[in-house]
């Protein structure tokens, strides 16, 4: 390998290297400029000196490995005997140098550096090409002639210089490495106080997601990226905690919920029923302290849906989660209540039972086929105050309004009951997730309009779904709150459940949505569920409207259309004033084209 | 939905009287709330007047059921009691029969009541009398018609039928499609 190889252009740096260098350079330049700005009074030589120092440092970092390798390969050829001690001392002096460098050591370099400094200034704003810089390096390009006449005398000095450069590079590289390692060593794990906070409320999903990604990154390269004083176990635990909620949810979706039954208090008492069923060989126990009518079945020697007690209407098979909206509704005796989506009647019969067969319950379902099971359950459980009708619930204030309470257990995607119906996982398309919330919003508005705001006992609307999707729950409730300012959310009165989300993925909902309740399969071992309880505080203009679904739809459409059109009130036009301005513009345009405006305009006239 | 005609009322009341006898008046004159019978799509519903008034708002094609369904008129004009009326029948029944636990399931599957399953029976039940069938712990299971009078049953062998099956609560499962 010839000496000239040094002069050749090195391998071009990778894009990353290039970027890093550029940034560094920029930062340094800035620093220098700042320094200059700070000390404008200083002599120009000083400034140049400082600059040259900076630029030298910059330069020295540039060749990096390429030159390093070249030099290494060259050393044994040209310099068989190198005084390492001498080198070390030289290095030391170099480390010390900074601003008060020994003038004589620098003397010969100074000339060159002055040039570079000025170069730097010239190049200041231009695009920096590091390769060109490399070539402009005094050591190689300018000393070319000297190299030709290399002799034993200057050889040592030269080699020392080379070594110094190398040393500087190494130092620079090291610093870079350290910097690179420290940078992602950000604090990822939450402190104990934060942890306690996390335990409480709903978490910010984006934050959890970033944390999970960061933790995984750390675990991939634990040695270098880990925060000091933290063990691998701490990271894995955090990760597990973050994931666990989702994992628990997925796992819980695979396990069937326990079979639960609701005692029909119209016909029997829970204790009597439990005794009879135990005698039949059923292993059961009360669901929990939050309900007085629920029983949980562990195993049974007889089919639980065909015992004489079942047929006699002493109980109904009903998911524990289905108790919740009715408990929130809290029906009172002698009220008029509407169940907008009633089939198969679990909730309707519960309402009827709580009212002790007084008042009147309207059980509506849009699906005629499903009303059969609804009627069967109503009669089997001995509910005598019900009226079953088959309407699209959106028509409701038109059919009959003025209800004391309304339960809207809205049709939903069923993401809370995957354990019951696996097909939810494959059957739902994106379209469903647009259409279903739309229907739910319409239903909820209908429900609100059908309630009697002046009801002495009620004026309550309960909205529930067996879905965990925010689009079908909080978003719908928020929509209703916006569209009907005469309703407010109230405490649901349920003992269990997590607060509804007030913000989700950048959407911010009404803060009162925290009064709604969410239920997850993995936390309460009930189906995924959502309950919101409204209270109507004032009648709305919509109450008078007897419009059904179709009329309301067209009304909303025409309203939206009307909003888009700008009528006469947009702006006033002053014809005379405009004429002047138009003429002026025309003249200007003609002039610009090189035409005499007076000739053309007069001709037109 | 409309009130029953004279003739229809007569048919219905005769049928009911077969089971509840003179207690029929309790169905009409209730101490708590006035109740009434209404005919809707061949079916006879027993409903409180307040509920009935609210149900007027519901259009005929959309009204599916109200109150308690007692039964339906057949095409030939006869009245058939449905199991859904059991609550009221059991409450006011004049003659009752209790069956042993081992007879519950056969009855709930639609079979007649055999003498072997007989637990208790109201004294001096006449022949061909409508009776309500209870389990031994007083849960109404259905109704039927006696095949023999109480006195006659004593002489029968254990496999003989003593109550002809008419309706049982098992129909809620078996006949859900046709019943409603």
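Yeah, the Cβs are placed from backbone N, Cα and C, and that goes for glycine too.
Positions annotated as active site, nucleophile by TrEMBL: A:466. The local packing around residue A:466 (active site, nucleophile), expressed as other Cβ atoms within 10 Å of its Cβ over all shown chains, amounts to 26.
Its Cβ taken as reference, residue A:341 (S-adenosyl-L-methionine binding site) is surrounded by 21 other Cβ atoms within 10 Å in the chains shown. Under the heading S-adenosyl-L-methionine binding site, TrEMBL lists A:341, A:342, A:343, A:344, A:345, A:346, A:347, A:365, A:392, A:409.
For A:18-57, the entry in TrEMBL reads compositional bias 'Basic and acidic residues'.
Annotation comment: TrEMBL describes A:72-86 (among others) as compositional bias 'Acidic residues'.
Summarising the annotation, TrEMBL assigns compositional bias 'Acidic residues' to A:96-133 (among others).
Here the compositional bias 'Acidic residues' (A:164-174) has, by DSSP, the following mix of helix, strand and coil residues: 11 helix, 0 strand, 0 coil. Taken from TrEMBL, the feature compositional bias 'Acidic residues' covers A:164-174 (among others).
Feature annotation from TrEMBL assigns region 'Disordered' to A:1-145 (among others).
As annotated by TrEMBL, region 'Disordered' applies to A:161-181 (among others).
Under the DSSP three-state reduction, residue A:343 (S-adenosyl-L-methionine binding site) is assigned to coil, being neither helix nor strand.
The Cβ of residue A:347 (S-adenosyl-L-methionine binding site) has 25 other Cβ atoms within 10 Å, all protein chains considered. With respect to Cβ neighbours within 10 Å, the binding-site residues A:343, A:345, A:392 differ, and A:392 shows the lowest count.
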